[in-house]
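The block underneath contains the structure these notes are about, expressed in structure tokens.
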Amino acid sequence: MMEPTIHKFGDNDLQKVLVWVPPERSPESLFWIVFIHGGAWRDPMITACNFADPVVSKLLSNPTRDVTPPGKNKTLAIASLSYRLSPHPSCPQDPDASPRDAKHPDHLDDVCAGIDVLRRVYGLSNSDNYVLMGHSCGATLAFQAVKRHVDAGLPAPRALIGLAGIYDIKALVRNHSTGPYADVYESFIRGAFGDDEKVRIEASPSHFGSHISLSSPCTVLLVVADGDELVEPEQRMTMRATLLGIGEGLELRSPVTSHGNWRYSEISVPGGHDEMWEKGEIMVSVVERLWKILPGEDGEVRV
């Protein structure tokens, strides 16, 4: 597999972005997928590198699959964002390593800083040439980054993929308030956001998603795993209702549904919560689905 180029943007070891760019390609020819890993804002075992590893080689060097990005003469490039983590009670901090004491919005600050590196170095400057793809809390961060960029007058990405995303933090804690892992859910949410319920609500994409004022269309593909044991599918239902302005129980009648400048689609994939990214083949199938629903230069989609 190609070795990534690493760009640091802070003193912490985790403040970096990994980049895989095919050789001898101009910035204008690149179409980016930007990964944001999950791990409950705190898991040091899930990194920008091992999150991207299973899928990078399949996307960049597999001649048997058509993963060519949309657009005339475009070449796929990949970035994977690393960000500071919150404390983890089961993973004691090495005093000689960079501290893991991040609290919202530190994680988001780093994600946006990583995207800014891609803008400066590789020309990630418009909504036509990149996709954000986040897993679990990485999907939360992806929506938060879109809101921050749009509020600052920057363009949204052409598309956003949420894999088993957390979109309603309060509901996640409530739905897991009983059972053997209730303390775990409350612990990682408190570690990332503190005890203030208002902070948790305002950080939830289901709370602010309908208030993002897009200046151009953005396609959202929300993906759930059939066997997800950690994040319930109701999270997607809530986010769908937010983006489309409809009731959570209503069924979609077309592959892509539009509401304002949001274009929405959803799929389910086999496996469990982390199998979505651990098996690179599933990630490739999700990307292939996105290519089919993204409008071409003629405005048409392939589904």
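Each position is counted from 1, following the chain as shown.
Glycine too: its Cβ is placed from the backbone N, Cα and C atoms.
Remember, TrEMBL labels are computer predictions, not curated facts.
What TrEMBL lists as active site, nucleophile is S136. If you take the C-beta of S136 (active site, nucleophile) and look for same-chain residues 6 or more apart in sequence within under 8 angstroms, you find G38, G39, A40, L163, A164, G165, I166, L230, V231, H273.
Same-chain residues at least 6 positions away in sequence with a Cβ under 8 Å from that of D228 (active site) are, in sequence order, A164, G272, H273. As annotated by TrEMBL, active site applies to D228 (among others).
Annotation comment: TrEMBL describes H273 (among others) as active site. In the three-state DSSP assignment, the secondary structure recorded for H273 (active site) is coil.
Taken from TrEMBL, the feature region 'Disordered' covers 86-105.
As a whole-number mean, the pLDDT of the motif 'HGGXW' (37-41) in this prediction is 98. The annotation motif 'HGGXW' is assigned in TrEMBL to 37-41.
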(request) Give the three-state DSSP assignment (helix, strand or coil) for S136 (active site, nucleophile). (result) coil
(request) Report, as numbers and ranges, every residue of the chain located at least six residues beyond the motif 'HGGXW' (37-41) whose Cβ falls under 8 Å of a Cβ in that stretch; write 'none' if there are none. (result) 47-48, 51-52, 80-82, 85-86, 102, 104, 107, 134-139, 163-164, 188, 191-192, 277
